[in-house]
Structures are given as C-alpha cells and as structure tokens.
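Engineer: Dropping the structure in here first, questions after.
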C-alpha cells in the first residue's frame with residue numbers, strides 16, 4: 001500500500017499459556033518495514049511459552065524523524081513446536097500505539113477457555129463500544145456513526161491516502177474543466193438540447209452517449225425502469241388504482257391489435273409506477289418560490305416485441321381537470337414533459353431512498369453494529385468486515401458533501417427537508433422481504449417480464465452469495481443451539497434491529513436469531529445489499545443521470561396542466577440552468593468512477609481466516625463468481641445495450657463510493 005512503510009522502531013512481545021517473551025526489537029540488516037516488504041524475525045526465549053495466545057506490537061520513534069504511520073498487514077508466527085499461526089492486523093499504526101493481535105482459528109465467546117483471552121475479548125469490545133457510538137441524524141431515519149468528520153475515524157476504516165488523493169484529484173480536475181468552460185456557477189439557461197452534450201470534453205461512456213441520443217424514445221424510457229439505476233420500483237398491475245382512471249379508449253391504440261386493457265392485465269403484461277409515498281411532501285423553494293414535485297403514476301405495457309412501453313401518465317395522485325392523463329399520442333413536448341416529471345420524482349426517490357438509505361445508511365448500520373458487537377477473532381467479523389471496509393468513511397463524507405446546506409441533494413426539487421421526509425416514509429413502510437431480492441421480485445410480479453437483466457444477474461448473485469454464506473455459517477454454527485449461545489451474534493442483530501430498522505417488528509425484521517437458517521438469510525441480505533445492490537443503483541449514475549433531460553433532481557417550471565401549451569422552449573426552461581446541470585453531472589461522474597484500492601466482489605486481499613475450510617469456501621465462491629462473469633460478458637456481447645453493472649468483476653466488495 002502506498003506510504004505504508006515506516007522508519008520507526010517496531011517491537012514485538014509474544015504471550016503464551018506458560019510464559020511471555022521479552023520485548024524484542026524487530027531489526028534486520030538494512031532498512032526494515034518498507035512499503036510492500038516482508039520481514040522475518042526471530043524471538044528468542046529461555047523457556048517454552050506454551051500455547052501461543054497473543055502478539056503485542058509497539059511502534060516507537062526513531063531519532064527525531066517526524067511521525068509516519070505504518071500499515072501493518074499480518075504476522076505469521078512459527079513456534080518451536082512447528083505450529084504456524086496467522087495474526088491478521090490490516091490497519092495503520094501510529095507512534096506510541098500498542099496493538100494486541102489474536103491469531104489462529106475464529107472463536108466465538110463461549111468457546112474461550114483462557115482467562116487472558118477472555119479478558120482481552122472483553123476489553124476489546126469495551127474499547128470498540130466507546131469508540132463507535134450511535135447518533136440520531138433525524139427522527140425516523142436509520143441511526144449513523146458518531147464521527148462528525150472523516151479525520152476522526154479510526155485508521156482501520158479510513159480511506160488510504162492514495163484512494164483519498166485519487167478521489168480529490170478526480171473532483172479537482174472535473175471542477176477545473178467546468179470553470180475553464182465558464183459553466184460552473186452559471187445561471188444561464190440552455191439554449192438548445194445539443195449544447196448539453198458539450199459539458200465535458202472526455203468524460204463519456206458508451207452508455208452515456210447512447211442515453212443522450214435515445215432519451216426521448218418510449219421503449220428506452222421503459223427499459224430504464226428495468227435496467228437503469230433504479231430497477232426496484234415498478235410492479236405488475238392486475239387492477240388499476242381507483243385514483244388513476246385510465247380507460248380502454250385512452251390506451252387501446254398502444255396495445256396489441258385485438259387486445260384490451262383488461263386482457264393485457266390478465267396476461268400479466270401491465271406494470272405500474274406509483275410514487276404515492278411522495279404525495280404531500282412540501283417542495284423546496286427556488287428563487288423564493290416553491291418548486292413542483294409530482295407524486296405521479298405511469299402505466300407500462302409489454303408489447304408484442306417484448307418492449308416495456310409507457311402508455312399513460314398522471315402527474316399527481318388525485319385526478320382532476322388540471323391533472324390530466326397524458327398519452328403517447330399527445331403533442332410531443334407534452335408527453336416528453338410528463339415523462340420528465342415522472343423521472344424527476346424517480347431520480348429523487350433513487351438517490352435518497354434506494355441509493356442513500358437502502359444501501360449506504362443500512363450498510364453503515366450493519367457495520368457499526370458489527371464493530372461494536374464482534375471482536376476481530378469472531379467468525380462473523382471475519383466474514384462481514386471486508387464488506388464494510390470504507391463505508392463509514394464515505395458516509396461521513398457524503399453527509400456533508402451531499403446533504404449539507406450546499407450539498408447537491410439539497411438542491412433537488414424536494415430539498416434537504418423533503419428528501420429526509422421521503423426517507424422517513426420509506427423506512428416506515430420498508431419490509432425485510434423487500435430487501436431480499438427473490439422475495440422482492442416475486443412480490444412485484446416481475447418473475448417473467450422479458451429482458452430484465454437486473455433480475456437475472458441479481459438472482460444468480462443472490463444464490464451464489466447465499467451458498468457461500470451458508471457454507472461458512474454452518475461451519476461455525478453446526479446447530480441452532482450454537483446460535484442461541486452466541487451472545488455477540490445476538491448483540492449484533494439486536495443493534496441492527498434497534499438502530500437500523502427502529503424496532504419495527506411488524507415489517508418482519510428479526511430482533512434476535514433463533515436458527516442457523518435465519519443467520520444465513522440475514523447475512524446473505526447484508527452482503528448482497530452492501531455489494532450487488534449498491535452496484536446496481538450506483539454504478540450507472542453517470543451513464544443515465546449525467547444527461548439532464550433524461551434524469552435530473554431538479555425541474556424548475558411547473559408540470560403541464562393542460563395539453564397543447566408546451567414547446568421545446570418549455571422543456572429547456574424546465575430543466576436546471578447551466579450551473580445546476582453541470583454540478584449534478586459532475587457528481588454522477590464522481591460517484592461512478594473507479595478509484596485506487598478498488599476490490600471486486602469476492603476478492604479478499606486481507607487474509608483473516610486461518611483455517612483451511614473457510615479458505616476453500618472462499619476459493620469456491622470466487623470460482624462461481626468468475627463463471628457468472630464470463631456468462632454475463634458473453635450475453636452482453638450480443639446486446640445493443642449491455643447490462644454490466646452486476647458483472648461480479650464490476651461490483652465493489654463494499655459500499656466505498
């Protein structure tokens with residue numbers, strides 16, 4: 001790791017069941033502890049230490065050199081009895097800091113049998129509980145960590161300097177380009193749609209170019225609700241809501257010849273987008289006037305070509321003369337504006353609920369609860385921690401950068417207060433089953449809708465993760481009684497239930513674990529959500545949302561209330577101004593880019609398990625992911641619009657951006 005070396009003195013002390021070694025300076029001929037180096041050192045003792053229990057490592061200054069933190073990966077101790085014991089560390093160590101490491105096989109609390117290890121475990125958890133505390137960000141929202149700034153974060157969960165430098169460089173270069181072009185901070189309006197293509201010189205992807213060329217097409221509009229950045233919102237429609245009075249006559253021209261609305265619903269070809277949870281949330285103000293937020297409804301039909309087509313849109317929940325149902329046969333810009341207002345609501349729902357709360361905030365809850373409940377020797381810590389690696393850092397940073405007074409999300413049509421209310425409403429309605437992909441797909445009736453790659457890839461990944469989790473969990477918990485006895489495991493789920501799901505038992509969230517299978521299911525959901533689901537809602541943001549006409553957090557003009565009154569000039573006036581557009585686009589680039597220290601799903605560069613069984617399980621997990629990656633690559637080679645976000649090679653192993 002960059003900047004990992006140190007010139008300081010490093011000391012080691014070994015503790016065994018019989019004796020402890022002398023404090024020994026680790027010093028070979030030449031320069032020790034350079035970045036990337038491995039050193040071998042001998043600790044001599046006059047008596048046998050017995051069974052090795054702990055290793056203590058200390059860092060003291062060398063001469064008058066300034067502080068340089070050391071990144072300590074791992075230590076392997078070979079005893080005179082030929083035992084080879086792994087001591088994982090994987091953290092930065094500062095001058096004067098003492099680190100005590102546990103080694104060997106993963107241990108649950110009730111398996112400990114030595115007073116020194118029992119005390120070490122107890123003291124570790126006491127320290128972690130004092131370090132990682134809960135804080136209420138807002139009522140009705142998952143609780144967050146207690147750190148106000150990333151500089152306060154413990155070393156083991158901070159970004160590396162190289163990753164931080166990479167992110168800051170990307171942000172700086174983006175800002176410089178936009179300033180040089182005179183776009184950043186500009187209050188001018190766009191003169192033409194084509195001008196929006198000139199925001200960046202080189203920041204383009206194949207998909208972002210496709211979106212800019214095809215955003216007005218109805219079949220591509222429908223495609224995005226399956227394979228865009230928010231694929232978790234539409235449901236099969238077997239009966240129209242009473243507040244959405246679509247008639248046969250309205251939609252008959254857009255259905256298969258000889259069919260009808262009723263027949264299409266009976267065949268399972270009708271799908272509904274309904275943003276009712278946004279209804280009644282006061283919008284933000286813009287230049288002293290309230291903006292307009294449409295809690296709309298959109299009806300889709302799968303046509304004979306297997307394309308999901310929008311066929312009717314109502315922009316507010318209550319039908320009225322000033323809230324007409326828009327149709328594809330309406331004047332082009334009326335239909336375009338109706339689709340844009342639906343996407344504006346969807347964009348805010350995506351960023352605040354499906355991206356921020358349901359991946360970032362929940363990942364933070366899982367992580368803080370794990371850090372407080374599990375010592376590093378616990379098997380569940382070893383299994384879960386790689387999937388929480390940088391979550392607290394990115395979340396702590398995002399709360400000020402995205403949700404602060406000058407944050408991008410605060411400049412949406414709902415503003416900070418409105419988005420918080422939207423998250424609050426969603427959490428009150430959220431169920432355990434909605435977070436488990438197989439149940440989510442079944443509940444929404446999307447098992448057979450064609451060309452739904454998010455579903456196809458996601459379900460395969462769910463099963464691969466579940467198989468891996470099942471193998472590891474059943475290895476360490478051979479019976480339900482082991483689950484009952486593990487107080488640390490019970491503390492973890494209790495904290496998640498309390499601080500993440502706010503004790504909502506009615507939603508099906510477990511408050512305790514009773515069986516091995518409950519642990520397997522919940523752990524599968526946790527790993528899926530912090531890896532696969534985050535990739536699904538994060539990785540395509542630049543592709544789909546950098547082009548403001550396709551998806552934007554802000555629309556400045558009111559939605560159409562009568563037909564035939566709009567033009568392309570109306571569309572341009574409704575879009576964000578130049579400065580707002582480029583700020584949103586820059587954010588999507590920052591969130592979609594790949595940075596130093598990227599770790600793909602199933603890759604575990606930090607060796608934490610010392611036993612051969614979980615090591616073999618990890619290899620099998622990686623093999624399954626590799627097979628799936630090859631299959632997805634092969635499928636995508638035949639698609640006009642490749643779906644790459646759930647290729648295991650493209651999924652990061654934790655919520656890290």
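For all residues, glycine too, the Cβ spot is worked out from N, Cα and C.
Whatever TrEMBL says is automated annotation, not expert-curated.
TrEMBL lists 1-107 with the feature domain 'PLAT'. Residues annotated as Ca(2+) binding site in TrEMBL: 5, 27, 28, 68. Annotated site 'Essential for stabilizing binding to COTL1' per TrEMBL: 92, in sequence order. What TrEMBL lists as domain 'Lipoxygenase' is 107-657. Summarising the annotation, TrEMBL assigns Fe cation binding site to 355, 360, 534, 657.
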Engineer: Can you tell which of 27, 68 has the least company, meaning the fewest other C-beta atoms within 10 angstroms of its C-beta, among these binding-site residues?
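Structural biologist: Across 27, 68, these binding-site residues, the one with fewest Cβ atoms within 10 Å is 27.
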Engineer: If I restrict to non-local contacts, at least six residues apart, and a C-beta distance under 8 angstroms, what lies near residue 5 (Ca(2+) binding site) in its own chain?
Structural biologist: 33, 34, 35, 36, 37, 68, 70
Engineer: Which chain-mates of residue 534 (Fe cation binding site) that are at least 6 residues away have a CB under 8 A from its CB, listed by sequence?
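Structural biologist: Non-local contacts for residue 534 (Fe cation binding site): 355, 359, 360, 363, 652, 655.
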Engineer: I'd like the number of other C-beta atoms within 10 A of the C-beta of residue 28 (Ca(2+) binding site), please.
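Structural biologist: Around the Cβ of residue 28 (Ca(2+) binding site), 11 other Cβ atoms lie within 10 Å.
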Engineer: Summarise the domain 'PLAT' (1-107) as counts of helix, strand and coil residues per DSSP.
Structural biologist: 0 helix, 44 strand, 63 coil
Engineer: Near residue 360 (Fe cation binding site), how many other Cβ atoms are within 10 Å of its Cβ?
Structural biologist: 24
Engineer: Which chain-mates of residue 657 (Fe cation binding site) that are at least 6 residues away have a CB under 8 A from its CB, listed by sequence?
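Structural biologist: In sequence order, 167, 394, 538, 590, 591, 593, 595 meet the Cβ cut-off.
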Engineer: How many whole Å apart are the CA atoms of residue 28 (Ca(2+) binding site) and residue 92 (site 'Essential for stabilizing binding to COTL1')?
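Structural biologist: About 22 Å separates the two Cα atoms.
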Engineer: Sequence gap of 6 or more, Cβ distance under 8 Å: name the residues on the same chain that satisfy this around residue 92 (site 'Essential for stabilizing binding to COTL1'), in order along the sequence.
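Structural biologist: Set apart from residue 92 (site 'Essential for stabilizing binding to COTL1') by at least 6 residues yet with Cβ under 8 Å, we have 69, 70, 71, 72, 155, 156, 158.
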Engineer: Ten-angstrom check, please: count other Cβ atoms within 10 Å of the Cβ of residue 355 (Fe cation binding site), all chains counted.
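Structural biologist: Residue 355 (Fe cation binding site) is surrounded by 22 other Cβ atoms within 10 Å.
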